[in-house]
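Reviewing the structure listed below.
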Amino acid sequence: MADAAVIEKLEAGFKKLEAATDCKSLLKKYLTKEVFDKLKDKKTSLGATLLDVIQSGVENLDSGVGIYAPDAEAYTLFAPLFDPIIEDYHVGFKQTDKHPNKDFGDVNSFVNVDPEGKFVISTRVRCGRSMQGYPFNPCLTESQYKEMEAKVSSTLSSLEGELKGTYYPLTGMSKEVQQKLIDDHFLFKEGDRFLQAANACRYWPAGRGIYHNDNKTFLVWVNEEDHLRIISMQMGGDLGQVFRRLTSAVNEIEKRIPFSHHDRLGFLTFCPTNLGTTVRASVHIKLPKLAANREKLEEVAGKYNLQVRGTRGEHTEAEGGIYDISNKRRMGLTEFQAVKEMQDGILELIKMEKEM
């Protein structure tokens, strides 16, 4: 049972949401009085409450979603709030649906989406993973952060071949290394206001770090937003090569580290937008004609289940006409299908650009 001080904060937060008439978050849409009353005094076995779930969305009324999962159990205990939000965000993934088992499919069927090198600057595929037996950011202790880092860094240092590389802990990082990682766009910063408000940045930088291979085409972020963000990327449009590298890395890491998986929701992540496959396949792409009107670009992209972001990701502008375009769907389809959807959509956008 949540304690009185927490419930008091929850009541105040709920009032604030109710009063915020211009708030368009999914939290506001689905946290009805009925759902609120049903959940406000519940507590997971690790001590997480509804407050941990909603505080970022209460503090940041301009959130798109507004909720995070403090631990794996939260997805079940607070399901009356999570399930409708998941269904709304992951369009078509109903509350009765079950996410399919992991399936990377035929990794050799992916192609170079821009063999002439005219449109696509770079290609990236990432997935998120959570380590079994550990809560998510808001509930982690400093010693758990360090313990997780030790497990992950020893696993990564055993990788071979193309994946072989170096682990750089954020704790005690020298200015030179820091600058080198910033120049490569590898270094992640302490979380933005959405993550800060969700208590995702405690004990920073303990347990946080970055691994990359010698070619700088494979990267792992440790304890940033998720326990693990596994990233494969390179210049140009060779999606096949990027995806094959990612799948071989995930398969290797999985042999040594058990990941949190939910029968219905797939792989579990801190933010419900990343559940399921957790896969985000993206390109940095220049489409000057299509992008002359961003609204039009977004509309066309939407038809192919693609999401358009600014050059530096969420909440940013396009610099020099370069957009970040990725698959929007992560749930209710396999990893193979998610990446295929992105490949088909990008091929179509390039074809349209050429025809304009």
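Glycine residues also receive a Cβ, built from the backbone N, Cα and C atoms like all the rest.
Listed in Swiss-Prot:
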DOMAIN    9-91  domain 'Phosphagen kinase N-terminal'
BINDING   Gly64, Val65, Gly66, Ile67, Tyr68, Glu225, Cys271, Glu314  L-arginine binding site
DOMAIN    119-356  domain 'Phosphagen kinase C-terminal'
BINDING   122-126, His185, Arg229, 280-284, 309-314  ATP binding site
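Feature map: Swiss-Prot annotations on the structure.
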residue : record                  : contacts (Cβ under 8 Å, 6+ apart)
Val65   : L-arginine binding site : Ser25, Leu26, Leu27, Gly57, Ile85, Tyr89, Cys271, Pro272, Thr273
Gly66   : L-arginine binding site : Ser25, Leu26, Leu27, Lys28, Ile54, Ser56, Gly57, Val58, Asn60
Ile67   : L-arginine binding site : Leu26, Leu27, Val53, Ile54, Ser56, Gly57, Leu81, Phe82, Ile85, Pro272
Ser122  : ATP binding site        : Met233, Gln234, Met235, Gly236, Val283, His284
Val125  : ATP binding site        : Ile231, Ser232, Met233, Leu239, Val242, Phe243, Leu246, Val279, Arg280, Ala281, Ser282, Val339
Glu225  : L-arginine binding site : Gly128, Asn137, Gly191, Leu195, Ala200, Phe270, Cys271
Arg229  : ATP binding site        : Arg126, Cys127, Gly128, Val220, Trp221
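On the backbone, the CA of Gly64 (L-arginine binding site) and the CA of Arg309 (ATP binding site) stand 14 Å apart. In the three-state DSSP classification, Arg229 (ATP binding site) falls within a strand. Across the range of the domain 'Phosphagen kinase N-terminal' (9-91), the DSSP-based residue counts are 48 helix, 2 strand, 33 coil.
The Cβ of Cys271 (L-arginine binding site) has 20 neighbouring Cβ atoms from other residues within 10 Å, across all protein chains displayed. Of the recorded residues, Tyr68 (L-arginine binding site) and Arg309 (ATP binding site) place their C-alpha atoms 21 Å from one another. Summary: among the binding-site residues (Gly64, Tyr68), the fewest other C-beta atoms within 10 A of the C-beta are counted at Gly64. In three-state terms derived from DSSP, Cys271 (L-arginine binding site) belongs to neither a helical nor a strand segment and is classed as coil. As a whole-number mean, the pLDDT of the domain 'Phosphagen kinase N-terminal' (9-91) in this prediction is 96. Cβ packing within 10 Å was compared across the binding-site residues Ser282, Arg309, and the lowest neighbour count falls to Arg309.
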